[in-house]
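Chemist: Relevant sequence annotations retrieved from Swiss-Prot are reproduced here:
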type	residues	note
SITE	43	site 'Part of a proton relay during catalysis'
BINDING	44, 202	pyruvate binding site
SITE	106	site 'Part of a proton relay during catalysis'
ACT_SITE	132	active site, proton donor/acceptor
ACT_SITE	160	active site, schiff-base intermediate with substrate
């Protein structure tokens, strides 16, 4: 387990594949700038538009480059239980430290089916599992009562909670906060979730402000709560601008503006609207990230 900031890393693409040279640079940059853990092939990494072979290669490559300096978390969950198991087994084989398993989307399963999905994956592997709750994308919510039940599975050790509902997070902490680590899945709720006993954040903002996102968490853990809150508020407008369109469109655009060679988005994601690009650029300039 880790405490602090886990970057939900973008995947740098070429026109027809993954830019591994740039991926290596990004991994090293994050380690240098005190990112506490690295998630690959997640939502921000455009995992849904990567082929199975691309995902396997990115996971393997990232594990090898990072070489245990920080934990590497592999986004292996899909709405297909069998496919999720296959990729999770592969991540375990190549040395990933944890897998991130999203709630199954589109299928519209029941709570019984949701539990069966996670239970089947849990029983098939021997690697820690971080659940991913993001109802706005999946149409499926992990309720506090369901999390309390899932926390009894031996490999389920954490949840990325992106419902945006702090009352729900509080109930989760009350029911099973002693058995499962809760990470904020929203950059505007890092400090509120830390105040409920959270362990950190899985962050989009960390793609462009790795050390600063780490510091929000670190200062809180050191008891410097006001300083942590002030950093949260300092970067709030910038964080919000990264969601002015569907993630990861703005953050990948921002990184290219910052002279990272992250390449194109993959369809059906496309370039930002001009009016939103102006807002993003203004926020990047205000924080000294571009001129």
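Start at 1 and count along the chain as shown; that gives each residue its number.
Keep in mind that glycine also has a Cβ here, set from the backbone N, Cα and C atoms.
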Chemist: Compare the C-alpha of the residue listed as 'active site, schiff-base intermediate with substrate' with the C-alpha of each of the recorded positions 43, 44, 106, 132, 202, and give the closest one.
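Modeler: Of the recorded positions 43, 44, 106, 132, 202, 132 has its Cα closest to that of the residue listed as 'active site, schiff-base intermediate with substrate'.
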Chemist: Give me the non-local Cβ neighbours of residue 132 (active site, proton donor/acceptor): same chain, 6+ apart in sequence, Cβ-Cβ under 8 Å, ordered along the sequence.
Modeler: 42, 77, 100, 101, 102, 103, 159, 160, 162, 185
Chemist: What are the sequence-distant neighbours of residue 44 (pyruvate binding site), meaning same chain, six or more residues apart, C-beta distance under 8 angstroms?
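Modeler: Spatial neighbours, sequence-distant, of residue 44 (pyruvate binding site): 8, 9, 10, 204, 207, 247, 248, 251.
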Chemist: Reduce the DSSP letter at residue 43 (site 'Part of a proton relay during catalysis') to three states and note it down.
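Modeler: DSSP assigns residue 43 (site 'Part of a proton relay during catalysis') to coil.
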Chemist: What's the CA-CA gap between residue 43 (site 'Part of a proton relay during catalysis') and residue 106 (site 'Part of a proton relay during catalysis') in angstrom, rounded?
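Modeler: Just about 15 Å between their Cα atoms.
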Chemist: Report the same-chain neighbours of residue 202 (pyruvate binding site): residues 6+ apart in sequence with Cβ closer than 8 Å to its Cβ, ordered by sequence.
Modeler: 6, 8, 39, 42, 100, 130, 160, 183, 184, 185
Chemist: For residue 106 (site 'Part of a proton relay during catalysis'), name the DSSP secondary structure in the helix/strand/coil scheme.
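Modeler: Where residue 106 (site 'Part of a proton relay during catalysis') sits, the three-state DSSP reduction gives coil.
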Chemist: Tally every other Cβ atom lying within 10 Å of the Cβ atom of residue 106 (site 'Part of a proton relay during catalysis').
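Modeler: A 10 Å sphere around the Cβ of residue 106 (site 'Part of a proton relay during catalysis') contains 10 other Cβ atoms.
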Chemist: Using a 10 Å cut-off, grab the number of neighbouring Cβ atoms around the Cβ of residue 160 (active site, schiff-base intermediate with substrate), all chains included.
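Modeler: Counting Cβ neighbours of residue 160 (active site, schiff-base intermediate with substrate) within 10 Å gives 27.
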Chemist: Tally every other Cβ atom lying within 10 Å of the Cβ atom of residue 43 (site 'Part of a proton relay during catalysis').
Modeler: 23
